[in-house]
Every structure is written in structure tokens, then in C-alpha cells.
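Here is the structure we will look at, set down as C-alpha cells.
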Amino acid sequence: MTHQVSVLHQDKKFDVSLRPKGLKEFCGQAQLTERLELFLNAAIQRGEVPGHCLFFGPPGLGKTSLAHIVANTVGKGLLVASGPQLVKPSDLLGLLTSLQEGDVFFIDEIHRMGKVAEEYLYSAMEDYKIDITIDSGPGARSVSVDLAPFSLVGATTRSGMLSEPLRARFSFTGRVAYYSDEDLATILRRSSNLLGIDADASALYEIARRSRGTPRLANNLLRWVRDFAQMREGNCINSDVAEKALAMLLIDEWGLNEIDIKLLTTIMNYYQGGPVGIKTLSVAVGEDVRTLEDVYEPFLILKGLLKKTSRGRMVTQLAYNHLKRCSDNLQSLGEEK
């Protein structure tokens, strides 16, 4: 089996250029970063390898960046793997034995590891040992192999799917939450400086408030607005230009996109506002269940537009009000033209 394993310098140039190198550069998540800084520095001061860390939260909020920061803080190497690729012990063997003392082993989507591989990881995390089976058949024997002490960093969008034995082996657990518009605007200012984009503060705030509290999306939208301004507005990036660019992507003032609106209007128009089951909704809007649950629902629930009940999903009165207001705005714009 071929592992998609990478180290820091193999990331895409764009992502690396924007990725914060240390906790001082990491904007937002103040309580989490304060605890993490204390946790790491205490271990460094004692001359120990930091304990294992677990970060959980919606996609795009900086869990991978935090893994890189852990490695940068302890000054060691970073090895990256993806949970779905770790199915059996042999998938882990080469990775674990390649680690040097103090290295950080980052497993993204750790909740999707195979059960057998996960159990194989227990002794590696707790005792820095693994058992290797030599030969096969009647002559097979198990040999215990010592590993170099390392720090495992796991990231998951679904912490509830982690088994209790695995969760209990993490010394540090941190929830990465959605960002405020102000924090996103600060992140975008840093990104625009790094990328050489000349944008005024009002434009950055306009992008921030439509970015669903997610830095990854904010940076992607910043690039889109840059491209739009380059081709349509003579490289001028102000709030009006940002609004035009984001309207072209069908992103409204709350950050709702075409799929969000389709999801809400489907429940309203075809299921009388709900409740409707997630599988039925998946077929109706043409998105798989996992994408709806991980990408779209958390933000809609956070904004108070959707609620989950024991019988299914329901839209709220706020959703009706918001979509009516958007419709009225579009109609008035059409009349002005």
C-alpha cells in the first residue's frame, strides 16, 4: 500500500506561505492557544517530549496548522498521514519506526482509522513500543520493538466517533471553534500582506463576514476577489469590489452559498419546513450525507437557520426571514437596473 505521507516543505506553496509558524502568529482561538503554549513549553522546560494532542472541530479551522505549530515549537520533524489510509498494522509500521525522538506524527481524520490499526497504535502511544510478528504459521513469533519517543497529533471533524481507549491516550484535547469576523479580518490582513494583495480594511471585513467563520474559506475567497479585481476592476479592491466578486460566486451577506440556500429552500418548499431525514435531504440536494453533516449543517445550525430534531432537520423562522429579505433585495436590485 502506498502512503500519502508528507513533511512541512511538501505542502503547496500557497498553503505554506499563509500557514502560521508559531502560536504568536496564530490569530483567534485565544483560550486554546494559551493552553497549548503552556502545555508545550512545560514539556520543553522539563526536557521531555510533549504528550499527545487531539484537535477537533469543523473543517478548515486550523487543526493542521496547529500540528505544524507543535512541530515548529518543539523544533523537530513532522510526519503526516491520513486516517483512512491506516487500516492495518502494516500501514503504521513503517511510519512509526521512521520517527526520531521528539518528532511529531500527525494523523488527519484520525476517526477514520481502521479499528485494527487503531488498537496497534495504543502501545505505541502509551509505551513507545510495538509488537512485530516474525515469520508465519506454526513458527511465527512476536517481537517487541522500542520506538523513539514521539508526539502524536490527531485531528478530527467528528470527535464523537473516536473510541474511548484512543481518546484517553491524548494528554491534550482542544476544540477548534468558528472564528469571529474580526479575527478573520485580521487573518486576511496577514494573508494579503504575505501575498502582496493591496486591499482596504472594508474589503477584508466584507470577505471575512461572508467566510462562514472559516480561515481556509476566507483565504480562498481573498484569492478570488484578487482575481476578480485584476480582471474587472483594475486591481482596485474595496468593499464594493469585494461585494461584486462574492455575488458572482452566489455568496450572500451571511456567507450562505448556493448549496446552503438549496438545502434550506428544499426543506421549505418540498417538506413544509421539516422535519426531513438526512438521507432524503441528501438525495434531494445532490450532496452525500457526510458532506451535509460535516460542511453545511454546522454553519446553518450555528447561524440559527436549521435545527436537528429526533425526527429530522427543520428550518427555523429566522431562515424564512433571511431568505425573504435576500429575495426582496434581489428584486429591488433588478428594478433599479
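Placed from the backbone N, Cα and C atoms, the Cβ positions cover glycine too.
Per Swiss-Prot, the features are:
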{"type": "BINDING", "residues": "LEU18, ARG19, GLY60, LYS63, THR64, SER65, GLU126, ASP127, TYR128, ARG169, TYR179, ARG216", "note": "ATP binding site"}
{"type": "BINDING", "residues": "THR64", "note": "Mg(2+) binding site"}
{"type": "BINDING", "residues": "LYS308, ARG313", "note": "DNA binding site"}
{"type": "REGION", "residues": "1-179", "note": "region 'Large ATPase domain (RuvB-L)'"}
{"type": "REGION", "residues": "180-250", "note": "region 'Small ATPAse domain (RuvB-S)'"}
{"type": "REGION", "residues": "253-337", "note": "region 'Head domain (RuvB-H)'"}
Maximum Cα-Cα separation in Å among residues LEU18, ARG19, GLY60, LYS63, THR64, SER65, GLU126, ASP127, TYR128, ARG169, TYR179, ARG216, which the record lists as binding ATP: 37
Cβ neighbour count (within 10 Å, all chains shown) around LYS308 (DNA binding site): 14
Other CB atoms within 10 A, centred on GLU126 (ATP binding site): 12
For TYR179 (ATP binding site), nearby residues of its own chain (Cβ under 8 Å, 6 or more apart in sequence): GLY28, GLN29, LEU61, ILE187, GLY213, THR214, PRO215
Cβ-Cβ distance under 8 Å to THR64 (ATP binding site), same chain, at least six residues away: PHE106, ASP108, ALA155
TYR128 (ATP binding site) to LYS308 (DNA binding site) - Cα separation in whole Å: 42
Cβ atoms near LEU18 (ATP binding site) (within 10 Å, other residues, all chains): 17
Structural state census, the region 'Small ATPAse domain (RuvB-S)' (180-250) (DSSP three-state): 52 helix, 0 strand, 19 coil
Integer Cα-Cα distance in angstrom, LYS308 (DNA binding site) to LEU18 (ATP binding site): 35
